[in-house]
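K.L.:
Just dropping this structure here.
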Amino acid sequence: MSATEIKRSSSSMEIQESGQEKAMEVRGGEVEDPHKPKKSLISDSYNLGIGDEDPTQEELHGPTALRRVSAPIPWAVYTVAYVELCERFSYYGTQVLYSNFVNHALPQVDGPPGSNHNTGAGGGSAQGVSGALGKGVEAANGINTFNTFWCYLVPLASAWLADEHWGRYKTICWSIAIAILGHIVLVISAIPPVITNTSACYGVFIIGVIIMGLGTGGFKPNISALVVEQIPDVNLKVRTLPSGERVIIDPTITQSRIYHYFYLFINIGALIGQIGMAYAEKYVGFWLAFFLPTIMFLTCPFVMWWGRHRYRQSPPQGSVTSKAVRAFWYALSKRWHWNPVKFWKRTHDGSLWDNVKPSNIPPSQRPHWMTFDDAWVDEVRRGFAACAVFCYLPLYWLAYGQLTNNLTAQASTMALGGVPNDVINNLDPFALIIFIPICDTFLYPALRKMGFRFTAIKKIFLGFIFACLAMVWSAVVQLYIYKKSPCGYHANNCYTADGAIRNAPLNVWIQTGAYVLIAFSEIFASITSLEYAYSKAPRGMRSLIQAIALFANAISAAIAEALNRLSSDPLLIWNYGVFAVLAGLGGVFFIWQFWGLDKEEDELNNLPEGHVLADEKIALEAAEILPVKG
């Protein structure tokens, strides 16, 4: 090796050290040096005798393996979860109204001017169902699908903004402001002077949906990362309990617990928002149903302001996303072959990412953007593997999406017994509120005690199966609706001469099975996808990997839009059947492809933290590729 190469190699090491110095954490509004000893994962007030030693292979695996436990959850997690509760109250409390608002026309009732008909409330009408625009089921499903697509497309941009420029906290605050503006526009669309003018109401409503979706999309990936950032990043550690039992503190179990209770808060907000707003819509009008979520959401800025110096925050990392993409293409370029079979084999031989590790490239041949260390490459490889896992999620979300679209319409064709049709889908969050604590407190600990590793891959697979079963249940219910409806296979357009809906003589609560099955699928697939995205992402790309996981919703919405013709009579049995098959096949192919990745879970979760220097100019000067100033 020449003297120049030795000097460049030394400079490269200095770059990595400099990168480590710049990889700071923000806590309590102050910048911390990561080389300083971090506070224990468990607060000193717990005084549980945490050990600093890493577990041995015997303690990790085999008959003498130690029991794995979660660390206590910091109080800051609950304040972030409250913000999410308010946001989900406002989002679901508003979204639940879209189907009736678009599908049904303003109810026609007898009475003096100012009666319910100019507010959209259907409680005192012959139809018994609220409405405003009268665009039909397909239009309602189309707008709901667009809203889902938009809300989960925006996170890609907001996550990039948070990871590289603003940081998560600032991005969340601006997103809240935008969402509040969207809420205000929706309220305007529902006030009597506007709602009675169909064309004006439609235009204002669409503008409100777009603005609110922009705020929601900016909020979602960043709040999901911020909540788990409230615990420090640590690997597996051994602790001795007061009872004398030695256990392993597993950060993935801690993250899983946080996301389970985070999701619990989500569904508390969704349940209260959806039930409350459905009744407000039915008996007062859409203006109140849009207004109350706005008031609830207005509490979020105060909580965020209170936590501005209390939350653990990771600062923006600069151009890490572009470096990750460049690293991926650089690795592929070294394995390129015109023969697709050979190209596949070369890229799946287990050594693809070794090509882009700086230690394997002479300093003189390194690209100028290669300002990271080998450990960061391993983290990026892990993040790309997580993104591959998320590629199957659109098939899951297709089934889940029926809750807010077709199952709401299905309920309106059955005997409601005075219950608003858009209240029934609250069986889903209600079931989640019951079963999330049961799974966290009893099911998962029992499985761990029996030595069964219920890992993320296994949970997501089970989520697909439950979603498939939910769609089978819905298809059977739809079949009976068509058999019992006075209008047969046209149950969604079945009215009496005076405009009242002629329902099938079936109790609406027979939908319960579908909602409970979907709830279990969410516990296993949806919650786990959030947990998996966070645990597998590099520090500087956590919002982005969360956004990619959420983007699966947008892809499913686009597919659902293409299949929207199935969302009307007489094709609804086919609609549920198709989604059942897609979810079932998705689960089978998912577990087949990622069974090997499941076996690497501990190894992937315990990778050393990598470092990247975002400022290329400093890196180039350190490597003497550019003249050093001064």
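Each residue, glycine too, has its Cβ placed from N, Cα and C.
The model shown is predicted, which means the values in this text are computed figures rather than measured ones.
Look at TrEMBL and you will find 1-45 tagged as region 'Disordered'. The feature compositional bias 'Polar residues' is assigned by TrEMBL to 9-18. Annotation source TrEMBL lists compositional bias 'Basic and acidic residues' at 19-35. Taken from TrEMBL, the feature transmembrane segment covers 172-191, 197-215, 261-280, 286-307, 383-400, 430-447, 459-481, 514-534, 541-560, 572-592.
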K.L.:
Please tell me whether the transmembrane segment (572-592) and the transmembrane segment (383-400) touch - that is, whether there are at least 3 C-beta pairs under 8 Å between them, with each pair 6 or more apart in sequence.
P.N.:
yes
K.L.:
With contact taken as 3 or more Cβ pairs under 8 angstroms (pairs 6 or more apart in sequence), are the transmembrane segment (286-307) and the transmembrane segment (172-191) in contact?
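P.N.:
Yes, the transmembrane segment (286-307) and the transmembrane segment (172-191) are in contact.
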K.L.:
Using a Cβ cut-off under 8 Å, which residues of the same chain at least 6 positions beyond either end of the transmembrane segment (459-481) come close to it?
P.N.:
389, 392, 395-396, 399-400, 402, 406-407, 410, 413-414, 491, 504, 506, 510-511, 513-515, 517-518, 520-526, 528-529, 532, 572-573, 575-577, 579-581, 583-584, 586-587, 590-591
K.L.:
Spell out yes or no: are there three or more C-beta pairs under 8 angstroms between the transmembrane segment (514-534) and the transmembrane segment (172-191), with each pair 6 or more apart in sequence?
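P.N.:
No, since the transmembrane segment (514-534) and the transmembrane segment (172-191) share fewer than 3 Cβ pairs closer than 8 Å, they do not count as touching.
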K.L.:
Determine which residues of the chain contact the transmembrane segment (172-191) at the Cβ level, with the cut-off under 8 Å and only residues 6 or more beyond its ends counted.
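P.N.:
Sequence-remote neighbours of the transmembrane segment (172-191) are 83, 87, 90, 94, 101, 119-120, 132, 158, 162, 166, 201, 204-205, 207-219, 222-223, 226, 285-287, 289-291, 293-294, 297-298, 300-301, 304.
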K.L.:
Residue list, the transmembrane segment (430-447) vs rest of chain: Cβ under 8 Å, 6 or more residues beyond ends.
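P.N.:
Long-range Cβ neighbours of the transmembrane segment (430-447): 256-257, 260-261, 263-264, 267-268, 271, 454, 515-516, 519-520, 522-523, 527.
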